[in-house]
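Record features, source TrEMBL:
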type	residues	note
SIGNAL	1-20	signal peptide
TRANSMEM	61-81	transmembrane segment
TRANSMEM	93-114	transmembrane segment
TRANSMEM	120-140	transmembrane segment
TRANSMEM	192-214	transmembrane segment
TRANSMEM	235-266	transmembrane segment
TRANSMEM	278-300	transmembrane segment
TRANSMEM	307-325	transmembrane segment
REGION	362-389	region 'Disordered'
TRANSMEM	408-428	transmembrane segment
TRANSMEM	546-567	transmembrane segment
TRANSMEM	588-609	transmembrane segment
TRANSMEM	637-665	transmembrane segment
TRANSMEM	677-698	transmembrane segment
Amino acid sequence: MFTQLRAPLLVFGSSAAALAVLAAASMLTGAGRIDPGQVVDYLLGARGDHHLDMVVTTIRIPRTLAALAVGAALGVSGMLLQAVTRNPLAETGLLGVNSGAALGVVLGIVYAGAQTGGAYLAWALGGALLATGIVLLIGSRFSPLKLVLAGAALSATLTGITSALLVADPVTFDQYRFWVLGSLAGVPMDRVLSVSPAILAGLVMAAFAARPLAALSLGDDVAVALGHRPGRTRVLVTVAVTLLSAAAVAVAGPIGFLGLLAGYLARTVLGDRVGPRIVFSGLAGAAVLLGADVLARVVMRPYEAPVSLLIAIIGGPVLIVVARSRAVAAGAGDLIADRSRRGGRGILGAPLRGIRRALEAPQAEARPAAGTAFSARDGSRSTPPRPSDTLPVRLGAYSVLLPLRSSAAALALAVLACAAGVAALVAGQSAMTAGQALEALRGIGTGGQVLLVQEIRLPRIVAGLIAGAALGLSGCLTQALARNRLATPDMLGINQGAVIAVMLAGLLSSAATLFEHWWTGPLGALAAAAVVFAISGGVGTQGYRFIVTGLAVTTLAGAVTQAVLAGNGLSTATAVHSWSVGSLAGRGYPVALPVAAGLAVLLPAALAVSRRLDVLRFSEDVGTGLGANPRATRLTVLALAVALAGLAIGIGGPIAFVALAAPVLAARLSGPTRLPLVGAPLVGAALVVTADTIGRVVADGTEVPAGVVTSILGGPFLLWTLLSDRRS
């Protein structure tokens, strides 16, 4: 018995000693010029001046205690989620729990004027409880990697609602842009004390849940046989995670990756023993956050670096390591491998089954002439049958088979995109009627009406159509490249790479707007894609692991974006925030036309490589045997997709989920036999313009960015996609 306890006790003792050293460093370190010896003398009872008294008692002591409490809370809550979902990737930040708590706090600030720690906690509890309940409800339905993607969907929806509230309230946004960084700077003692009961209650519940969770790790049936009640255990864990995460968010804002880090360290050091892992995760979470906070004070003196950014820099690689681990691979339930064995059911499914049947059919002894085929019985030549859903179109000596369903779908989608443009032209918060708007398009009407339609709305609609088309085509190419409906620029970090490039280029130059630097979007997107695919194993990588790698890059880039917003004035931050969530406000021909020229070149190039995309479902040898060069095809498709995504972001920022939804919806209409390389851009164009129109008219007196609208609606769509993939 003592031998079994000796190792955990040794680990706990070492961790406590390290925590004490870090706490001392936190008390002695700051961005100011106070000598550490003065702090030691003051703590030992010596009298100090007013400045020293204020720094020690008002700033450093509350900050150190807050780091200990928040770190322990996030570490334990992450460990509890990992245990109850049996998923090493589960973490409050990745699964949307922190986003739920943040939404609750923003609701409290906007509608109830919440300012105190107790008020923050109360509102954060409501949002965290909602998010935790959803996570545990869907947790058993997904593999570890898919659960993280479901959490990303939930987080996107909650973050979109939060952004919609902030756009309408600049005062709240000014508070939020600092708080959302996840900082311990300036945390008052009364806020720490107000959330202490919630943290203590959550830790006590975690202690009581240790034994039931250990039994639950063996399965529900085994847990019941051992006398435990799985339902009651999950309820207890839900309450504990809600209390801990809400209290942490109320004090320091949403800090991601900390629960993942603490759980990873606990699993690495202590193995599968749930009870010791819960204790160690609390110690590890407190130590990591305290160490990051100390580093944040000295790395950019006399300023402070955002502690959440430092945690993300550490946590991103850990997420990638865990996603590539055997424990995750064992339960990943990779949809792609399963579909490959069955011949595929996705966009490429039908043509690939046809190719496979052709490969397995008996081969003729002689090669037939062009346009003919041998009969299997007598060797006679015959004309190959024409597919039933095609129509031959002849132009002199040339002929093509026109796919009827795909062509009809493309025509219908083109009409839909035009209808969306017309609706956007006549809709708005002005007193102009639809008839007056259409007349103003022809130059008839008052000067104000003509100006509004021809100089403001029409250029904006054109920009939205072009950006949506580029996003839709980019998503179609990346989905075909990775053979995965979730592999889109949003999920792979490509969009965020373009955002960082355009944003930094605009802020570091003397340009009046970010739009002038649209050309840096493809460069940033290319850099992000290179990082994601290099880490994941190359351009031919498939499955869900490299999507989680992209999610890590996206989260890290998002932390950089928030840091940039906090480092600028309110007017600049407001403009950058609106663009960084995806907005068409102020867009016009000067930025839309160059991107349209790029789209005019890239779309035919994508159509030219469409036939070679079909063979990417097979191995390198099969693809080569069919006359294709898989590696060159992948590189070409990736370059096209990255360029399209970067150009689209240069216009309207990262308008979320359009690249995911457009190919899926287009494939539903055009059928599974062909890639929707024409339908996807048309759906994307209609989606972006429609989202922009909704954002312009949904709130009286303000404008909701198109990216916020697509985030709110796209999260449920992503969840539906995951569920439909699971059923298939």
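Placement of Cβ uses the backbone N, Cα and C atoms for every residue, glycine included.
Contact count against the transmembrane segment (61-81) (Cβ pairs under 8 Å) is highest for 235-266, out of 93-114, 120-140, 235-266, 408-428, 546-567.
Touching of the transmembrane segment (588-609) and the transmembrane segment (637-665) is concluded from the presence of at least three CB pairs under 8 A, sequence neighbours closer than 6 excluded. Sequence-distant contacts of the transmembrane segment (637-665) (same chain, six or more residues past either end, CB-CB distance under 8 Å): 156, 160, 347, 463-464, 466-468, 470-481, 485-486, 488-491, 494-496, 498-499, 501-502, 515, 517-526, 529, 533, 539, 579-584, 587, 591-592, 595, 598-599, 602, 605-606, 609, 613, 676, 680-681, 683-684, 687-688, 691, 705-707, 710-711, 713-715, 717-718, 721.
Below 8 A, the CB atoms of the transmembrane segment (235-266) and the transmembrane segment (307-325) form 3+ pairs separated by six or more positions in the chain.
Only pairs six or more apart in sequence are counted, and the transmembrane segment (307-325) with the transmembrane segment (278-300) gives three or more Cβ pairs under 8 Å, enough to call it a contact.
Here the transmembrane segment (93-114) has Cβ contacts under 8 Å with residues 77, 81, 120, 122-132, 134-135, 147-148, 150-155, 158-159, 161-162, 165-166, 169, 172, 175-176, 179-180, 241-242, 245-246, 249-250, 253-260, 319, 551, 555 of the same chain, all six or more residues outside its ends. For the transmembrane segment (546-567), same-chain residues at least 6 beyond its ends with a Cβ under 8 Å from one of its own Cβ atoms are 89, 93-94, 145, 148-149, 152, 177-178, 180-181, 256-257, 305-306, 308-309, 312-313, 315-317, 319-320, 323, 482, 484, 486-487, 490-497, 499-500, 503-504, 507, 528, 531-533, 535-537, 573, 576-577, 580.
Sequence-distant neighbours of the transmembrane segment (677-698) (same chain, 6+ residues past either end, Cβ-Cβ under 8 Å): 406, 409-410, 413-414, 416-417, 419-421, 423-424, 427-429, 460-461, 464-473, 475-476, 584, 599, 603, 606-607, 610, 652, 655, 658-659, 661-663, 665-667, 669-670, 704-710, 713.
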